[in-house]
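Visitor: A single structure is presented below for examination.
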Amino acid sequence: MMKYDNDGLHENKKNQQLDHFRVDDTGKKLTTNQGLKVSEDEHSLKAGDRGPTLMEDFHFREKLTHFDHERIPERVVHARGFAAHGVFELYESMTPYTKAKFLQDPAVKTPVFVRFSTVAGSRGSGDTVRDVRGFSTKFYTEEGNYDLVGNNIPIFFIQDAIKFPDLVHSIKPEPHNEIPQAATAHDTFWDFVANNTESAHMVMWHMSDRAIPRSFRMMEGFGVHTFRFVNEEGRAHFVKFHWKPVLGIHSLVWDEAQKIAGKDPDFHRRDLWEAIEMGDYPEFEFGVQIIREEDEFMFDFDILDPTKIWPEEIVPVKIIGKMTLNRNVDNVFAETEQVAFHPGHVVPGIDFTNDPLLQGRLFSYTDTQLIRLGGPNFHELPINKAVCPIHNNQRDGYSRMAINKGPVSYHKNSMAHNDPSPATAEEGGYVHYEEKVEGRKVQRRSDSFKDHYSQAKLFWNSMSEVEKHHILQAFRFEVGKVKSPDIRQQVVDMFANVDSELARQIAIGVGANPPEGSTTESNVTETSPALSQMNTVKTAQTRKVALLVDNGFNADELNLILTALKEAGVHGEVISRHLGMIQSADGKNLQVDATFLTTDSVVYDAVYVAGGTESSASLSMLKEAKDFIADSYHHYKTIGAANEGVELLTAAGISTAEQTGAGVVIARTEEEVGSLSKEFIHAIAQHRHWARQV
Ligand code: HDD
């Protein structure tokens with residue numbers, strides 16, 4: 001019987017389809033893959049108690065053989081990823097622009113599967129490395145699967161797909177020693193950058209906080225390329241796709257990101273998994289930027305150049321729908337690993353443009369699935385299977401699931417009356433947009449793709465002082481790890497074309513010569529406020545707070561805080577010396593969630609120190625407790641304390657007197673305790689307190 005679905009989000013067509021494939025072993029007897037019940041699973045069949053194992057033991061052979069073949073090649077890029085199911089809902093019909101069925105009727109809910117990823121690291125690498133994040137969405141529409149295979153950065157390193165293998169070879173660990181893993185802070189990457197100047201804009205984003213997101217739930221997504229919307233009348237518009245996180249765009253700080261990579265390498269996947277399990281369903285609004293075909297050449301950048309954004313202040317993002325991720329996968333291999341995305345999986349009403357990066361991607365993605373998933377039938381895997389019927393003349397191949405009936409598997413024919421027959425546009429057949437194309441065959445960069453620095457400068461201009469400082473520090477870290485002085489110098493000289501002061505500051509940090517003069521510096525003075533994370537949504541919802549508590553705490557005060565946090569949708573975890581129960585001064589029990597040994601400040605958004613003479617005195621003796629608070633402070637996080645808890649802040653070296661207003665929220669009187677929780681939650685919503693960054 002189907003579960004009652006009170007919000008209509010869970011029971012969609014894809015979920016129902018997947019239900020046929022889900023297997024639950026609870027209460028079942030062990031069988032072989034042939035269905036034979038097995039009577040022994042610990043001892044192989046041997047000739048005598050101490051004798052050799054017999055070939056005849058088919059169960060042993062099957063078990064070992066399957067195990068020996070359990071691994072498939074990881075993705076050549078985006079190997080480490082994590083995914084979830086959800087639903088897409090439209091706010092308003094896009095009929096004037098596109099005939100795509102899933103973008104017509106706001107009543108239609110489209111099932112989606114979304115995979116987030118890092119790019120450079122292998123499957124077992126850390127989550128919080130400095131890297132671009134993949135953001136791939138498969139819409140299971142009634143007209144077939146539509147894949148939006150994007151990133152959390154709106155542009156790309158290169159303009160032509162022919163350079164993709166070179167880019168990736170330079171980013172990946174160096175082949176002679178496979179160092180470093182999942183990091184771009186090494187010679188080959190920066191050598192590539194300095195010799196391929198179209199990467200300048202992307203590198204600015206990559207050095208910014210965008211490359212160290214706080215959560216998959218708190219980053220934007222972009223289709224990057226310019227696509228085409230085509231409506232029922234055959235009229236086309238250029239379109240760019242955006243995902244906007246409802247929780248805002250927030251990042252880690254670099255020191256914290258590096259520490260999390262050791263303390264909890266699964267930080268981002270755990271965050272997504274737990275949010276969905278707790279019902280904090282991640283939400284992203286879907287936006288489109290639209291340009292009329294006749295306006296193609298109106299801009300001072302080429303709208304087909306994938307190293308360029310369409311500034312939102314010039315071409316506004318129209319929000320047209322929302323995606324909610326509401327179900328974790330049942331099996332990571334079957335779903336997250338076997339899902340096969342492809343920018344070429346389109347539906348009628350969505351078409352391509354001549355962006356040369358997009359054109360090359362249209363080849364690469366099917367090709368890679370053939371080696372990764374072992375043949376041409378990967379579309380039959382449950383996670384990839386469309387929710388509409390599939391009929392064609394393709395047959396056979398490894399692991400074919402469909403049993404196609406009849407002798408005819410060719411077109412045209414008379415024996416089967418041409419079935420399956422092509423559909424007309426009116427019947428939903430995909431008709432490629434009839435773009436007029438004329439020209440000579442050439443192998444060169446279009447003149448309109450040659451400006452590599454203007455938008456890099458626009459990005460730099462749009463950053464707050466805090467963000468600029470982070471970018472500079474990231475350059476100094478990354479380029480500072482480059483061994484070749486020549487490459488370090490080349491990078492400094494290249495970024496002098498963006499901003500000479502930035503280049504001079506990088507030079508100081510990495511022991512290079514400052515750029516001479518500023519004659520080549522881009523003269524762009526505009527800003528795009530939409531690019532700065534300072535202007536994003538601020539909310540405390542779904543944030544995680546560590547409550548430092550020990551025996552003898554003040555139960556009334558802590559309860560006040562815990563209730564307020566819960567009401568604000570903030571999650572509190574009690575941290576103490578040991579697991580189990582601790583007792584308040586008036587004898588109330590409290591369950592401990594983690595200890596100073598099993599967790600760390602870096603995995604929380606804020607810290608609160610409970611009052612109570614005994615509790616505070618006990619934690620003051622503990623170096624780990626003081627480090628916890630000091631680290632939170634150095635990572636600009638909100639710190640709260642009441643009554644005797646304030647003394648622990650002092651013991652941790654935090655001057656409470658001066659720091660009021662910079663995210664240190666304290667209460668010493670009964671009255672102050674009353675308003676503390678409100679101030680504390682407001683401070684958490686600020687994400688970080690940059691006033692401390694001096
Ligand atoms: Fe790509 C995977 C995003 C350029 C070739 N790419 C992959 C994934 C994402 C992107 C999110 C992971 C999909 C998943 O979760 O399974 N790629 C991008 C974006 C690009 C881009 C936003 C530029 C705008 N990619 C790009 C180019 C090529 C590729 C130019 C080759 C010509 N990408 C691949 C690939 C991958 C891939 C090798 C590896 C695994 C896969 O496809 O399924 O084919």
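Glycine residues also receive a Cβ, built from the backbone N, Cα and C atoms like all the rest.
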Visitor: Would you please say which range out of 1-26, 391-416, 443-468 has the annotation region 'Disordered' in TrEMBL?
Guide: 1-26
Visitor: For the heme site that TrEMBL assigns to Arg75, Arg115, Arg361, Tyr365, Arg372, which of Phe164, Phe299, Phe301 is also named?
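Guide: Given Arg75, Arg115, Arg361, Tyr365, Arg372 bind heme in TrEMBL, the matching entry from Phe164, Phe299, Phe301 is Phe164.
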Visitor: Would you mind checking how many other C-beta atoms are within 10 angstroms of the C-beta on His78 (active site)?
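Guide: Other Cβ atoms within 10 Å of His78 (active site): 22.
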Visitor: Among Arg75, Arg115, Phe164, Arg361, Tyr365, Arg372, recorded heme binders, what is the largest CA to CA distance in Å?
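Guide: Largest pairwise Cα separation, rounded: 21 Å.
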Visitor: If you average pLDDT over the domain 'Catalase core' (31-419), what do you get?
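Guide: Reported value for the domain 'Catalase core' (31-419) is a mean pLDDT of 98.
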Visitor: Cα distance, His78 (active site) to Arg372 (heme binding site), nearest Å?
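Guide: That separation, Cα to Cα, works out to 13 Å.
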Visitor: Which residue counts does DSSP yield for the compositional bias 'Polar residues' (516-531) in the helix, strand and coil classes, in that order?
Guide: 3 helix, 0 strand, 13 coil
Visitor: Let me know the most crowded of the binding-site residues, choosing from Arg75, Arg115, Arg361 and counting other Cβ atoms within 10 Å.
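Guide: Output for this query is Arg115.
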Visitor: List the same-chain residues at least 6 positions away in sequence whose Cβ sits under 8 Å from the Cβ of Tyr365 (heme binding site), in sequence order, or say none.
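Guide: For Tyr365 (heme binding site), the qualifying residues are Val149, Ala340, Phe341, His342, Pro343, Gly344.
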